[in-house]
Amino acid sequence: MAKYVIGSAWPYVQTVPHLGNLIGSVLSADVYARYLRLRGHDVVFVSGSDMHGTPIEVEAIQLGVDPADYAAKMHNIVAELFKRWDISFDLYTHTHSDVHIKFVQDFFLKIYNNGYIFTREEEVPYCPRDRIYLPDRFIIGRCPYCGYERARGDQCENCGRLLDPKQLVEPRCAICGSKPEWRLTRHWYLDLRRLEDRIRRYVEENPHLPPNAKEMSLGMLKEGLKPRAITRDNRWGIPAPFPGAEGKTIYVWFEAVLGYISAVAELKGEEGLRRYWKSPDTKIVFFVGKDNIPFHVIILPALLLANGDGYALPTTTASTEYLLYEGDKFSKSRRWGIWIDEALQLMPPDYWRFVLVYMRPENRDTNFTWQAALEVINKVLNDDVGNYVNRVLTLIKNRMGGAVPPPGTPAKEDEDFVAKATDLFKKAERHYDAIELKDALHAVVEIAREGNRYLNARAPWDLLRRDRESANAVMYRAYWSLKMLAAGLTPVTPRSAEELWRMLGVRQPSWEEAYKPPEAGAPLGEVKPLFRKYTEEEVKNLLKRLEELRSQKAARRYPWEQALL
C-alpha cells in the first residue's frame, strides 16, 4: 500500500467553475483518487477555494460588498456543487482559514530568514480617485498585441499574452475607469535565480512529468528564472509577515499553492504533515490546467526548497490541455460554455463525468460539442456499456435462476474472451497508473464492446435450449467481465458503478475483486437499466432550458444568488 497526496488546483470563487475548469483539475483528480482507493492505497485528496486576490476583490468592490463575505458565500456554493458532482475530497477547505493563514505566514518567514527574499522599489499604477494601487486585474486597457479593449494588467483574455500594466494602451482603473498615475512602492521578491539549478534538476530528472508540463517548464528555465514579487498592495489577502511589510499582502498565487500542505495540516495535524508531506515515500500528485503549470512545477518546488524544512517535492503535475466549447474558449463575459451548476440541471452527474473523461484533453485541446456528447452518451455509455450489462444480467436473472451460473466446460472461444477482457482490464490499469484517464476509460469501454461481440457470437440464449453446460460457461465468463467493467467504471461513474456492483451481488468492491473468478451460485441483486439515451429533441429542450436558466440568473444581482442549487 502506497501513500498519496492528491491535490486539484484551487478554484477562484469569484464565480462558479465551468466544465473546462472541472475536467482540467477537480474531476480528473477525483477519478485518480477513487482509482487509488479502489486499489487499497492510502490517499489524502485535498483542495479548496482560492478566496484571495484581485478577481474577488475587484468584483466585491464593484458590487459594494465585503470581499470576505463575498468569498465565504461563494465558497459554500462551490463546495456544495462539488458534493453534487460526487467529488470525493477528504477535505475541501479555503485559503482564508486560520490554519492556512498561519501556515503561509510561518512558511514565508522561514524563507525570509533563510535569505531567499529581498526587497526593491518599483513603479506601479495607482488610482487617485479610489486611493488604491492597481495590481493585476485592478487595471484594464487595450492589449498592445491584439487590440482587445479590456485586457487586464496581468494577461489579455482575448489572445492569452502575459502582460505588464505598463504595456496596456490607455490604461484605466477597473473600478472607476479613471486614468491611473504611477507611484513608487516597495515589494518583497523571491530570488528564483538562487534556486534555478535545483529546480532544473528537478524538472529534467523527473520521469513522471507529462510532456506539456516538462516542455513549458524547461522553456522557462532556458530563458532564466527572474525574481518574482511575492507581495501586493491589495487590501484583501494574507498579510505579509516580513518586517516593514505592513499593509502588504502575499501574492495570491504564491500562497494558494501552499494550500496543498496547509490542507493536510488542517485535516491530519502536525503528525499528518510528517507522514504525508515530509516522507520520501509519499507520492504527491497535482491536477491542473496547462495555464497553472508554472506555479506547480516551478514556483511551488522553489518555495519548498527555499523553506528547507524537509518537505517532499511533488512527484508529478498532471496537466491537461484546454477543453473548448463548440469551437471556442469558455468565457463568462460572453456566456459561452456550460458551468457546473447549470450542467447538473440538465443531466445527472455520472453522464457528465463519463463524457468529460471520455473526451479529456490529455494531449491536445478538445472541442466539446453537444453532437459529440450525445454520441458518447447514446452509442458508448448506453449502447456499448449499458446494453452489455443489461444483456448479461437479465439473461442470468430471467433464465438461469438469478444467480451466478457454474463455470461449465469452456470452449476455446470462452477462454479467449476471458483472456481478452483481462488484457483490456490490465490495459486500463496501466493507463490509470500513468494518469492517462481518457485512455483508461476507453480500454474499459472496450471490455463491454468485446462482451457484446462475444454474446452475439456464442448466442447463449440459444445454447440454453440445447446445451446448458456451454450456456453456463458463456454466462459465467460474461458475468466475470462485468466485475472488470464495474471496477473500471468506479472511478469515473461512481453512482452507476455502485449500482452495478449491487446488481452483481458484490458487497465489498475492489480492484482486485475483478481478477477473482466469480463464486458460482452467488445471487444477483435487482436488475434494472443503468443508463438511458437522449434524443436530439431532448437535447434541443435541454439547450432551451439552459437559456431559461441563464435568463433567471441574469436577473439576479449577486453571484451567490445566480448559482443554481
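The backbone N, Cα and C atoms fix where each Cβ goes, and this holds for glycine too.
Record features (Swiss-Prot):
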- C143, C146, C156, C159: Zn(2+) binding site (BINDING)
- K332: ATP binding site (BINDING)
- 11-21: motif ''HIGH' region' (MOTIF)
- 329-333: motif ''KMSKS' region' (MOTIF)
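Per-residue pLDDT, averaged over the motif ''HIGH' region' (11-21), rounds to 93.
Sequence-remote contacts of a segment are chain residues at least 6 beyond its ends whose Cβ falls under 8 Å from one of its Cβ atoms, and for the motif ''HIGH' region' (11-21) they are 47, 49-51, 53, 55-56, 59, 70-71, 74-75, 77-78, 81, 94, 289, 322-325, 330, 332, 337-341, 343, 352, 356, 368, 559, 563.
Distance between Cα atoms for C143 (Zn(2+) binding site) and the residue listed as 'ATP binding site': 19 Å, as a whole number. Mapped onto three states, the DSSP output places C156 (Zn(2+) binding site) in coil.
Comparing C146 (Zn(2+) binding site) with the residue listed as 'ATP binding site', their Cα atoms are 20 Å apart once rounded. C143 (Zn(2+) binding site) falls within neither a helix nor a strand when secondary structure is assigned with DSSP, and so counts as coil. Separation of the C-alpha atoms of K332 (ATP binding site) and C159 (Zn(2+) binding site): 16 Å, rounded to the nearest whole number.
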